[in-house]
Structure formats: structure tokens, C-alpha cells
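Record features (Swiss-Prot):
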ACT_SITE  Y286  active site
ACT_SITE  E293  active site
COILED    111-138  coiled coil
DOMAIN    5-94  domain 'CS'
MOD_RES   M1  N-acetylmethionine
MOD_RES   T7  phosphothreonine
MOD_RES   S114  phosphoserine
TOPO_DOM  1-149  topological domain 'Cytoplasmic'
TOPO_DOM  171-189  topological domain 'Lumenal'
TOPO_DOM  234-242  topological domain 'Lumenal'
TOPO_DOM  264-280  topological domain 'Cytoplasmic'
TOPO_DOM  302-322  topological domain 'Lumenal'
TOPO_DOM  344-362  topological domain 'Cytoplasmic'
TRANSMEM  150-170  transmembrane segment
TRANSMEM  190-210  transmembrane segment
TRANSMEM  213-233  transmembrane segment
TRANSMEM  243-263  transmembrane segment
TRANSMEM  281-301  transmembrane segment
TRANSMEM  323-343  transmembrane segment
Amino acid sequence: METQVLTPHVYWAQRHRELYLRVELSDVQNPAISITDNVLHFKAQGHGAKGDNVYEFHLEFLDLVKPEPAYRLTQRQVNITVQKKGSHWWERLTKQEKRPLFLAPDFDRWLDESDAEMELRAKEEERLNKLRLEREGSPETLTNLKKGYLFMYNLVQLLGFSWIFVNLTVRFFILGKESFYDTFHNVADMMYFCQMLALVETLNAAIGVTSTPVLPALIQFLGRNFILFLVFGTMEEMQNKAVVFFVFYSWSAIEIFRYPFYMLSCIDMDWKVLTWLRYTMWIPLYPLGCLSEAVAVIQSIPVFNESGRFSFTLPYPVKMKVRFSFFLQVYLVMLFLGLYINFRHLYKQRRRRYGQKKKKLH
């Protein structure tokens, strides 16, 4: 005996570019919905007029449609959307003139052609308005947002490093050399904040928000945080040494010239004195900072050897103990290599800025 094919109730509506079909099946499982040779094929397990069964139907469309139907399942029905290949109104849904018994208009969504024309015109106007706004307003808006973001970032960093610089300077004039030994406990929190925030600077260079080369920014970020978090931050014996003062002072002295220069660049201002300081003060300050960091690393080697912190033993068959001081010695080599890379980068910047004036003098 031939199995009876069960068809669900299907309601349809249209717009100029789309067809909508609502299949009256609840609790649908395993739906198979596809379009081949301009025919919509539907088959699914669900609860319909004949109870919980497998329902299916096939509809050959009146005109050409795109072969990728979209559908959405709800608890009570299946909503199918089909894109027309041409934007025009159909007089009926199917190629056969006689409407299938299971098919009916969806009066909840139905529009006549004049209503649909008005809706289409409204959507087109909305799209054109959106494109015009994007074309006219978007580039300027994005540029302003970028400038505002960079200005605020540089301002926050300037305030942070200025606080450190002023704090260290005032305490030195009041306490003299005694101020060297508790530098870490007085300004470490602010230095942690500024150096963690410096990650943003590296990311800006990496994603193209700024034109800064990634390598110099990354070298400075990793180098400083190695000193701050590992050498100083993990060993209390290092936090009371005078070298902390010189490291923090050189870092903050460099940044109080660099960040205000970047701030003014965001608003297209050029203060000649500040520009000269930004392109000149690094010449003595970067080597002093590098020397201070090297002294800090050298002083920390016996401290790490004595404590054994971060040391580890290689697994069998090597079974060799690797001290953290080995990595500190490697870092010393990398420190001066990084200094060379940054020095070279800054020298090129200075030559681009002032090189032409020197040529004109000869």
C-alpha cells in the first residue's frame, strides 16, 4: 500500500525582492529545505493538521529565484524567506495556474502592489540617506574620534609620568640621598599603571592607529616591564636599592617631553621648543636609562641566585638546573641591542625633522 504524503498548510506573501512562506507546523524537527531547478522542496517532522508526522511539499515558482532559502524555526511554525532574482511583482506564487489546496495568501503580511511600491521607495530613500551620511560624515567623524582618543591617552600618560617625576624631584630636594631608598614604595603603583597602559601604545602601532614602528614600541614596552615587574616587583631586596630611583627618574624624564609632543600633534599644533626637546633630550636620557637598567639587572643577579626564585631543573635525561640569572645575563645583551635599535629609530626621526635645515646652511 502506497504511503500517503502529508502536506502542511502554507501561507505566502511577497515584496518586490522577497517571498515569504509560513508553514503551519509546530515542534519541527530535522527540516530539509532547499531550492533546485527553481522548485522549493520542504520536508520535516512536526505536529500539523494530521498530528505528529512527516510533512512535505514542493512548489515550482512562477519566476526565477535565488537557490539559497533562509528559514527560521519557532515553536508554532516555520518561516521561510526566498529572494527573487528580479525586483518585480508576481501575479501568483507558482508556475501552475491552479493554486495548490494547501497554499493560501498570508493576509497578515500581505500588501498590494501600490503599498509595496511605497514601502520599497521608503527603504530605498533610507538606504540612500544612510550612504550619503556615511560618505559625507564618516571619515571626518572617525578622524576626530581617533584624534580625541590619542589625545586623551597621551594626556593620561603625561599626567602619570609627570606625577612620578615631580614626586621624585621634590623628595630628592627635601630628603637628599635618603629619598633614593624608598622610591619604589612611594611611586611604584603609579609606575605600574603607566607601564601597563603603555601596552595600548604598542597595540596602536600594531593595528595602524599610529605611524610608530611596532618594533621600537614593543622593545621599550617589554624591556621596561621586565625590569619593573620581574626585577623590582618580585624581589623586595631590590625595591630598597638606590638604582630604582635612577631607573624611574630616567623613564619619567623621557616621557614628560614625549607625551606632550604627541598631544599637540593630535590637534595639529607645533610648539618649536617642545619639538626640539622631544627630538633632543633622548640623546642623553636614553643611554642613562639603559645604564640604570643594566645596573639594576647586575645587582639583581646575586639576589636571584641566593633566593632561587624562577630557577628550574630540566627534565630527564638532562637534569640540569637553570638559574634565572642566566636569563638576566641574556637580557643584558638584549638590553644594549634594544638600545641600538631605538637609538637608530630616534636618530632617523631627528634627521628627518632637522636634516633639511642643516643642508641649507652648507
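Here the Cβ of each residue, glycine as well, is placed from N, Cα and C on the backbone.
In sequence order, I254, L339, N342, F343, L346 are the residues near Y286 (active site), counting only same-chain partners six or more apart with C-beta under 8 A. Residue counts for the topological domain 'Lumenal' (234-242) under DSSP (helix as H, G, I; strand as E, B; rest coil) come to 4 helix, 0 strand, 5 coil. Under 8 Å, Cβ to Cβ, and six or more positions away along its own chain, the residue listed as 'phosphothreonine' finds Y55, E56, F57, P100, L101, F102. Here the transmembrane segment (323-343) does not lie next to the transmembrane segment (243-263) in space: the count of CB pairs under 8 Å, restricted to residues six or more apart, is fewer than 3. DSSP classifies Y286 (active site) as helix under the three-state reduction. When Cβ-Cβ distances below 8 Å are used as the criterion, the transmembrane segment (281-301) is approached by residues 223, 227, 231-232, 235, 238, 241, 243-244, 246-247, 250-251, 253-254, 257, 325, 328-329, 331-332, 335-336, 339, 342-343, 346 of the same chain, each at least six residues removed from its ends.
A simple way to gauge crowding: the CB of E293 (active site) has 27 other CB atoms within 10 angstroms, across all the protein chains here. Taken together, the residues in the topological domain 'Cytoplasmic' (1-149) have a mean pLDDT of 83 on the 0 to 100 scale.
Within the chain carrying the topological domain 'Cytoplasmic' (264-280), a Cβ under 8 angstroms from the stretch's Cβ atoms is held by residues 147-148, 150-151, 154, 257-258, 346, 349-350, 353-354, all 6 or more beyond its ends. Within the topological domain 'Lumenal' (302-322), the DSSP-based counts of helix, strand and coil residues read 6 helix, 4 strand, 11 coil.
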